[in-house]
């Protein structure tokens, strides 16, 4: 089981390394979208500081949805996804490995880029720390839930927009508690409760989402 | 009744089609007078509210619609799960038939809420816990409808939609709890029964009448939609062809 997980995970990372520009797209999207807000909302530092956590989260959410729609697409197109499922090895493990690879490729760079965002938006150091932890706990949830949507919409017309409509309602709890943690720090409270709930959400989705993804893949490949 | 009652009798599309066809006129006959009585009581008999004046009367539509929006989602997820477990075509069709009505009631609850919010709170919309979770519910319905509509293959559409409905149902308690914690940060306005002055019996009666009217309406519309789905999907079957010939000969005779 671990071998299978590692094999699929490392394969996806290796494939991504061969298409570096494509792999950097989510981060580029994240930074570019976020940098539009000061132009749209106005450059007052007070306003921007207040907007920053929610903005970082929403941009992370959109970047994740943008990239996750490609999670199974190329494997589906060249038939390797079907081969993987035909091997009789656990489809749940394959789904989990692909979600983990997606997070490594899109979630981690976002977290690395978040301090830059904090600098641009003049975020407090404590609040920035809370934002980083909340993103660290929350972005895997986005990848796991996004994989369910990507598997459901595999090979459909207008799959990208459909994916947004399917997955965004499910990610709202993560968004609420992720931004709530930063708001709590700003208000001088402890963000511990929010982190605990984010952690619980992460455990819950880690246990259920790969199962749902595997089921959705079977439906899509029938 | 020597024959034992069988649970799956009406899982056969042909039998369901016949049964629903017989029930629909009765359901409409129940829905119309119930709605008329409920609206009459709500708008003319029920006393004017001491605090909110006349504007509160929208609750006679708003509250039952909000109830229906949640109950229908659970019913949809239930039928999706049944369809998944027993591979029952009829259950999938019921889930499909429920979705548009559920979305309609969710929209109605949001819209009437906005109409009530303007005079009561002075604003059409607040990012309050209840309102937001109801909006998410609307998105869940729309996502389900869009997903099923996007898939041409009936079997795949059924199963993909069912999976989404079940996953969405898991999210409902999460939304509920997140909403409670969110509210402690955002001390916004809340709509609770306890905050209003004690409810008069006529108000309660009117609300219950409207609820029953909505139930009857839902059953009638969902059965009609399910019947159409049955005919569409079973168009290759003999009994549908028989039905078509029979209705044609009836038309020619008249």
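Counting starts with 1 at the first residue shown.
The backbone N, Cα and C atoms fix where each Cβ goes, glycine too.
Owing to the predicted nature of the structure, the values given are computational and were not obtained by experimental measurement.
The domain 'Cytochrome c assembly protein' annotation in TrEMBL covers B:11-186. Residues or ranges marked as transmembrane segment in TrEMBL: B:23-46, B:58-79, B:91-111, B:131-151, B:163-182, B:202-223.
Confidence over the domain 'Cytochrome c assembly protein' (B:11-186), given as mean pLDDT on the 0 to 100 scale, stands at 84.
Taking Cβ pairs closer than 8 Å, the transmembrane segment (B:91-111) reaches residues 11, 13, 61-62, 65-66, 68-69, 72-73, 75-77, 79-80, 82-83, 131, 134-135, 137-138, 141-142, 144-145, 148, 158-159, 161-162, 165, 214, 218, 221-223, 225-226, 229-230, 233 in its own chain, all 6 or more past its ends. Count of Cβ pairs under 8 Å against the transmembrane segment (B:23-46): among B:58-79, B:131-151, B:202-223, the largest is for B:202-223.
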